[in-house]
Amino acid sequence: MEQSKGSASQLAFVYVGTVVGAGFATGREIVEFFLKFGWFGFFGILVSGGMFTLLGAKLMIISKRINAKSYQEMNIFLFGATAGRIINVFMLFVLLGVTSVMLSGAGALFEEQLGMSAQIGMLITIGLSLIVMTRGVKGIFGVNVFVVPLLIIFSMIVVADSFIFSESRNAAQWVWPHRWDWLLSAVSYGALNLSLAQAVLVPLANEMSSEKVIKKGALIGGTMLTIVLSASFLSLSTLPDVFLYDIPMAQVVYLFARSVHLIYLLIIFGEVFTSVIGNLYGLEKQVQSFLPVKSKYIFAAIMITAYITSQIGYGRLISTIYPLFGYVSLAFIGALLCKKAPRRRSL
């Protein structure tokens, strides 16, 4: 990315890697936002996938046209100076909360799947994150390009094995949800992830050579996200008592595709790790704009705060924080829908 303009495939992989974090890769987000509505949740996945493709493209095109260097400039463009600054403060707390969720997810991974202390998992993640952030953002894009294809391949393997070897089909049923709750949940999921992804997508758009590349990258990325979401949904629908697990997808892999269990756990950790690093980068840039302190102190303060918050527990954080963030993010999606993209800059 740094040596030349990015390609559509690079953009797509980073897009997927930005959206796919602890909740997505472990299956908790799929359970909370989609599977609990039965097969109506599958239609919700298609709605979210459409949002990732269309609104993701619009977000990045606007960013390129206004030459936004950070999501703060994007929010000021969408909401105006006063409201934009308020939204930016809100985003500061959102990114901090999501970082706590990612840390808690790492702890749950070590505890539930490896039999180790959750505290060890969180501290290892914190240590690795701080080490990487001393080198800047050079490795962020490379990690996504490496991890995302593996995630897609293993998702396909797991969904195939789970349907071959499982006798359960009870997790997803034709249950009639209350009114349009499944649709609101799907839109909320898309809004949440798009509003968070702007921390990476907004500056990334200026790494692309043209709007054509952006549109193609958004299409590929949105399609890949829809495929991975669908595969995870179908796999989880075969797991008995799916709602009892903090990391249900890892349980599916363990039961029906045991040969790739440890590799999939590594992929989950990779997604958690890249999400933590991305959030750290976005938070540090925002804090630096109003508090000129050395980066290492900001990183340390962020991780200490996130570590304390993560003690609430991964499952509880996902169930309460994510839906709340999603509903508030609807304002961001509404502004993105209503705001007209500025004219293309003349060459």
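From the backbone N, Cα and C atoms, a Cβ is placed for every residue, glycine too.
As given in Swiss-Prot:
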- 6-26: transmembrane segment (TRANSMEM)
- 37-57: transmembrane segment (TRANSMEM)
- 90-110: transmembrane segment (TRANSMEM)
- 114-134: transmembrane segment (TRANSMEM)
- 140-160: transmembrane segment (TRANSMEM)
- 182-202: transmembrane segment (TRANSMEM)
- 217-237: transmembrane segment (TRANSMEM)
- 262-282: transmembrane segment (TRANSMEM)
- 289-309: transmembrane segment (TRANSMEM)
- 317-337: transmembrane segment (TRANSMEM)
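Contact between the transmembrane segment (182-202) and the transmembrane segment (90-110) holds: at least three of their C-beta pairs are under 8 Å, each pair 6 or more apart in sequence. Distant neighbours of the transmembrane segment (289-309): 72, 96-97, 99-100, 103, 122, 126, 129-130, 133-134, 280, 283; these residues of the same chain sit at least 6 beyond its ends, with a Cβ under 8 Å from one of its Cβ atoms. Here the transmembrane segment (37-57) has Cβ contacts under 8 Å with residues 15, 19, 172-177, 181-183, 185-187, 189-191, 193-194, 197, 201, 214-215, 218-219, 221-223, 225-226, 229-230, 233, 333, 336-337 of the same chain, all six or more residues outside its ends. In this chain, the transmembrane segment (114-134) lies apart from the transmembrane segment (217-237): fewer than three C-beta pairs between them fall below 8 angstroms, excluding pairs fewer than 6 positions apart.
Residues 6-13, 15-16, 19-20, 24, 27, 30-31, 34-35, 41-42, 45-46, 48-50, 52-54, 56-57, 60, 148, 151-152, 155-156, 158-159, 162-163, 169, 171-172, 208, 248-249, 252, 256 of the same chain, all 6+ positions outside the transmembrane segment (217-237), place their C-beta atoms under 8 angstroms from a C-beta of that stretch. Beyond its flanks by at least six residues, the transmembrane segment (262-282) meets 17-18, 20-22, 24-26, 70-71, 95-96, 98-99, 102-103, 105-106, 109, 113-114, 125, 128-129, 132-133, 137, 140, 143-144, 147, 150-151, 154, 158, 199-200, 247, 249-250, 253, 299, 302-303 of its own chain at Cβ-Cβ distances under 8 Å.
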